[in-house]
Amino acid sequence: MSSPKSLHGVNYAPPRSFKTVLKANLKETLFPDDPFYEFKNEKLSKRILKGIQYFVPICQWLPKYKFGLFMYDLLAGITIASLAIPQGISYAKLAELPPIIGLYSSFVPPLIYAIFGSSKHLAVGTVATCSLIIAAAVQQKVMPEDNMELYVGLFYTSALISGLLQTALGVLRLGFLVDFLSHSTITGFMGGTALIICLQQLKGMLGLKHFTSRTDVYHVLRAVFENRKEWTWQCAVVGVIFLAFLQLSRYVRKKKPNLFWVSAISPIIVVVAGCLFAYFFNAEKHGIAIVGKLNKGINPSSIHLINFSPEYLPAVVKAGIITAMIAIAEGIAIGRSFAIMDNEQIDGNKEMVAIGLMNIVGSLTSCYLSTGPFSKTAVNYNAGCKSQMSNVVMSLCMLLTLLFLAPLFGYTPLVALAAIIMSAMIGLMDYEKAVHLYKTDKFDFLICMVAFFGVAFISMDMGLILSVGLALIRALLYVARPPTCKLGTITNTAFRDIEQYPGSNETPGMLILKLGSPIYFPNSNYVRERILRWVRDEQSLENSQRNEIEYLLLDFGGVTSIDITGVETLLELRRCLAAKSIKIILINPRLGVMEKLIATKFIDKLGKESVFLTIEEAIENCSFSLNSSSQAKREELEIA
């Protein structure tokens, strides 16, 4: 594109075509990371190979894989498998599913993720939060004791919907939508969910046979005390012992990070100890319930259980959408966090596709929703994993478990599973983060608390909706009330906000303002009124401090775009200031803004002589005009 010479070095080239602008905007929206930069200047065969490696990451890392790396991945895979077995059974029981489904869900999804996933640290498995969300939604339509086959089928259907949505978001490069789940929202949501999950485990810890299907704190505590005649002291004693052991192992890991494996294997130790206790001491006769029969065998097909009946579809769609967003937000955030530790990056959209595909395949092979839980990923990282092969090793360990060891875990006491879940959930209640939010940003703290209390006392979906809604209101306020500031000089070339630097000097006869956002229809009126207020305040100062303004300098460096309403606002502002003999000067308008101002003839009306590249040039030019004007006035007075 040509750059014709013009006044003050400003580029007044003709606006780009609509096609060029659209292409550039779509690229920045959908491909901000420019994922295909490696394809440039390559032969067709090389592009095809790199394309396959891009979309199927295993084709990139597996050919370079060395046996020396496998020893690390073998140790990491076995370690996370020892965590996956008790967690799988526990979270399945939390969702009131047959425990074997929890083991199924740690077999197939990790294999799919190892093929399509780009994070070498992420360890795949089920999570308590999504388990409870799906259970709460499905139980509005059917209870597990009434029709277990339908209940399980709706779980698979929800996982399929989540997988399809996650895959679509990744393929369409819409990963930015997940960013609407702010860190404050996720912190509060996880904390609230952890609280109600902990309270729900009182059913297993106390040996209750009757309980509520509601998830809020009030109904859970009410069910606990209404059924206090069912409390079993034997369950409580065993549960407290297991919970104390698990928390002790977490404490050891916190104090001695190199002993991370103590915390990693503690859940499987609890399960094994619980199985031995239940088998040799006939725990059931003492009121301690066990998991029950677990059949050998790998995942059967579940295609015939997928149910899109209109009667149940609203519930599973709602659960599918909510858990899809939570699963990818959690999985991508965790994957990125551990990648940063090794100075690496992962592609969020590729991760969405990988998580989506593993949930699609999983839903058809008797698995429910999976993602990358923090606890398992942290163990995988600390165990020294070097690639996605650790997920393959974990999957093979689960295969051996399903083929040979599954029946043994049928003796697992439910109180042991309750203790495992409670211990994991206590770690999710990040009160230190909440305190940090309170000290640093009160509005973020409010968003966090709305999510926490909404989840804890209303419902999980309502708590999430309220928190996201509040975060969006905050974002809209930023759009509708963009920042503006008055600039003063610190040195001859440094212009800074006078509120931040009170000692900065003003320029006589000029008011310099910096605009820091796009000018759109939601904020155009505010921008106009705020600028006029700056002018009014400047002119209303006492005579000793008054700055007789003749030029309003608007620094447009932070204005990334402008719409027609914004242009009309500038025209109105120009007319208002012209009535006060104040001239507008534009400084450094961006490419897109300049194109719009040229296309709407605003530049012609303002005059090219009123547009500059830098504040210094604008001040120098305006100062010359001010001096000439002052000289002319003095001469007029002398003649008079």
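Glycine residues also receive a Cβ, built from the backbone N, Cα and C atoms like all the rest.
Unlike curated records, TrEMBL annotations are generated automatically.
From a predicted model like this one, the values you see are computed outputs, not experimental measurements.
In TrEMBL this protein carries:
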type	residues	note
DOMAIN	500-622	domain 'STAS'
TRANSMEM	67-85	transmembrane segment
TRANSMEM	97-116	transmembrane segment
TRANSMEM	122-138	transmembrane segment
TRANSMEM	150-174	transmembrane segment
TRANSMEM	180-199	transmembrane segment
TRANSMEM	231-248	transmembrane segment
TRANSMEM	260-281	transmembrane segment
TRANSMEM	315-340	transmembrane segment
TRANSMEM	352-371	transmembrane segment
TRANSMEM	443-473	transmembrane segment
> Short question: which residues 6 or more past the ends of the transmembrane segment (443-473) have a Cβ under 8 Å from it?
Replying inline: 132-133, 136-137, 180-185, 187-189, 191-193, 195-196, 215-218, 318, 322, 326, 434, 437
> So what's near the transmembrane segment (180-199) in sequence-distant terms, Cβ-Cβ under 8 Å and 6+ beyond its ends?
Replying inline: 94, 128-129, 132-133, 215-217, 220-221, 224, 325-326, 329-330, 333, 421-422, 425-426, 428-431, 433-434, 437, 444-445, 447-456, 460, 463-464, 467-468, 471-472
>> If contact means at least 3 Cβ pairs within less than 8 Å, sequence distance 6 or more, would you call the transmembrane segment (150-174) and the transmembrane segment (122-138) in contact?
In response: yes
> So what pLDDT does the domain 'STAS' (500-622) average out to?
Replying inline: 88
> Against which stretches of its own chain does the transmembrane segment (352-371) lie, if we need a Cβ under 8 Å and a gap of at least six residues from its ends?
Replying inline: 55, 95, 97, 101, 104-110, 112-113, 116-118, 124-127, 130-131, 134, 155-160, 162-171, 175, 178, 299-303, 306, 323-324, 327-328, 330-332
>> Are there residues at least six beyond either end of the transmembrane segment (315-340) with Cβ under 8 Å to its Cβ atoms? List them, or say none.
In response: 118-119, 121-122, 127, 129-130, 133-134, 136-138, 140-141, 154, 157-163, 165-166, 169, 175, 177-178, 181, 186, 189, 307, 346, 348, 351-352, 355-356, 359, 369-374, 377-378, 381, 460-461, 464
> Residues sitting near the transmembrane segment (122-138): Cβ under 8 Å, six or more positions beyond its termini, same chain?
Replying inline: 80, 84, 87-88, 90-92, 94-96, 102, 105-106, 109-110, 113, 151, 154-155, 158-159, 189-190, 193-194, 196-197, 200, 213, 215, 315-316, 318-319, 322-323, 326-327, 330-331, 334-335, 338, 351, 358, 368-373, 376-377, 379-380, 385, 390-391, 394, 421, 424-425, 459-461
> Can you tell me how the residues of the domain 'STAS' (500-622) break down into helix, strand and coil by DSSP?
Replying inline: 56 helix, 21 strand, 46 coil
